[in-house]
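Q: Handing you this structure, nothing more for now.
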Amino acid sequence: MDYLPIFTKLENRPCLVVGGGSIACRKIHLLLKAGADVTVCALEFNPSLLKQAANKELKILEQAFTEELLENKWLVIAATNKKQVNEHIATAAHAKQLLVNVVGQADISSFILPSIVDRSPLVVAISSGGKAPVLARLIRERLETLLPMHLGRLAAISAQFRHRVKEVIKVAPLRRRYWEKLFGNGMLANLLQKGQTEKAIALMETSLSEDITQGDVALVGAGPGDPSLLTLKALQLMQQADVVLYDRLVSSDILDLVRRDADLISVGKAAGNHEVEQSRTNQMLVEFAREGKKVVRLKGGDSFIFGRGGEELEELVEAGIAFQVVPGITAASGCSAYAGIPLTHRDFAQSVTFVTGHRKTDGEELNWQALAAPNQTLVVYMGLIQSQEIQTQLLSHGRAPETPVALVNKGTTSDQHVVIGQLSELEQLGGGLQGPTLMIIGEVVNLADKLAWYQSDNKPPLSRDPFLVNLA
């Protein structure tokens, strides 16, 4: 972040605005709404400022700027139409370590004013850091249509009731859950929208007697990597969580969307390297839920497709813990789509099979005869370290050596890299790849040249030469 968003209390604080035109008027309006003690310095004044001065809403000084005007001031805004004057004001204010904003010149300002959606006491601020003010304005206009006017009343009445809630619910996480439940069902907002304040207060009171001490677990699929592929429900639960247990494949960009105060616990697993044993993960889910916490078990892709989700839920059922499951976009769907490879196609594949290259025990055998059948697409999760076995078994069971193969590395992310070759060279294709890699085997891979649409930031989308992969 170039700027840290901070809401500052300006009530009765002395503020100076230099400039008396329309731009200055807009800044002064905001300062007055926040209760600031405003002095305006200019050689000429907009008529509205003269009227406000006559009404004792602000003070005006009909003079040029001098550095003495900065004495005892807390905040300064330079809004003249003269660049040299504005720069002089900024330099003088910086020397006195005052907060200063120069309109239209973020580079010499110590703070900037965001676009604002005002539903006081609820206020939303949007800023592009001065880089795209029109974009920030358009976002504000969009939010204005989404946030109803009665949100201010909702926040105000909640503030009046906070002390009562603290008296009844002593534990902070349970208080948060009370408010989430109250705000989440929409009943309170509907009553206030209709002006039924007494009924709204009654609802808040009766809701205090409901049992909110029981924790629960949400098994959430985080998708294949791109944060924008998260479902709305997944994001909602991540924002409500007390504890999040996440896997190795969940990216930092997705973890950044979790509620700031939530505890983040890595229970990541890689083949042959279990950071936390599965049994311990199951135990933690039960323990945290019994403590009354809202627990999110965050897994890459979809929890029910090679994600051990079923094993974890069986443990919760035995312990009597309430749970819900939120599906995610599985790697096969996400990575194939971003690589331009349809998993089925009437001309090439009438079926698709998902298998994992990381099985529970080494002795488990796949039905290689069925997997080697033509006119189907085979998708292998976590198959990179088993490339030699997969190649050998498919070839020995009759799959053609020239069968197209794609390896989608770090799919759907800005680091996505797709390597395409033939089944006969599968072992060599993955030689230079590290990180999560999905294997797609079948004639549909030939469509990637035509249908590939996603150009990642860091690498070319397609490579057909293993040597190039090793150089990447």
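Residue positions begin at 1 at the first shown residue.
Placement of Cβ uses the backbone N, Cα and C atoms for every residue, glycine included.
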Q: Would you identify which residue of M1, M149, M187, M382 Swiss-Prot lists as part of the S-adenosyl-L-methionine site it also attributes to P224, G300, G301, D302, I305, T330, A331, G411?
A: M382
Q: What is the interatomic distance between the Cα atoms of E44 (NAD(+) binding site) and S128 (phosphoserine), given in whole Å?
A: 32
Q: Spatially, and counting Cα to Cα, which of the recorded positions is closest to G411 (S-adenosyl-L-methionine binding site)? Options: S22, L43, S128, D247.
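A: Nearest candidate: D247.
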Q: Could you state the CA-to-CA distance between S22 (NAD(+) binding site) and S128 (phosphoserine) to the nearest Å?
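A: Pair distance, Cα basis, whole Å: 23 Å.
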Q: Starting from the Cβ centroid of P224, G300, G301, D302, I305, T330, A331, M382, G411, the recorded S-adenosyl-L-methionine site, name every other residue in that chain with its Cβ within 8 Å, sequence order please.
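A: Once P224, G300, G301, D302, I305, T330, A331, M382, G411 are set aside, the remaining close residues are G223, L249, F306, G307, G328, I329, A332, G334, C335, Y381, L438.
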Q: Let me know the most crowded of the recorded positions, choosing from E44, D247 and counting other Cβ atoms within 10 Å.
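A: Counting every other Cβ within 10 Å of each candidate, the maximum falls on D247.
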